[in-house]
Amino acid sequence: MSLFPSLHLLLLIVMTASHTETENCEDIQNTCLVISCDSPGINGLPGKDGLDGAKGEKGEPGQGLIGLQGLPGMVGPQGSPGIPGLPGLKGQKGDSGIDPGNSLANLRSELDNIKKWLIFAQGKQVGKKLYLTNGKKMSFNGVKALCAQFQASVATPTNSRENQAIQELAGTEAFLGITDEYTEGQFVDLTGKRVRYQNWNDGEPNNADSAEHCVEILKDGKWNDIFCSSQLSAVCEFPA
């Protein structure tokens, strides 16, 4: 059988269908959308952006570069005390300490030895009093200053034993710590107390020239009022 009749028949069918479809489109142009029956045209321009879609789920953190280190923050409040630590290791044995009791006893012993030496060399002790002299002569004020320098006072006998010790130690005239320079005729010691023990020489005190306000012990142990500016031996009295 020849193929040409079949090709003619197929072409006729296609042309008939195209014609029929064109007529149908013309009939319904006023009542329906136009359907292009021709081959596709060129693509048009892009349309406007549509509305934003719904928010998507949170994505994974990106791997950006590490930023610069920030400035140090302010000092925070002081925290609560911590738990006490464990005891430390035992230290090395220290040197032996000095017993204050022994040191004080040794010091007292040395002072006693010095006192004995002073008494033997140039002093006299009677009861709780120690009398010392340097053998120099000076005014009453000079004697007071000398004795005060050594935290002592001018020798002041309160009984015959003390009076004799001062007499023997001085060996010559010496000032006593007695005066009436504040009230004439009222002899007091250097603390202002009125003296009870007295050993005046005959006719004394006589306040010659109304200016004898100090007291000296004579070689025989008797007392005599004398000028305070006189130069006599210095005898100081220390507590023993």
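Each Cβ is built from the backbone N, Cα and C atoms, and glycine gets one as well.
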| message | Candidates are C147, C214, C228. Which one does Swiss-Prot pair with C236 through a disulfide bond? | response | C147
| task | For the disulfide involving C214, grab the partner from C37, C228 as Swiss-Prot records it. | result | C228
| note | Using DSSP three-state counts, the residues of the region 'Disordered' (48-102) come to 3 helix, 0 strand, 52 coil
| Per DSSP, how many helix, strand and coil residues does the domain 'C-type lectin' (126-237) have? | 24 helix, 37 strand, 51 coil
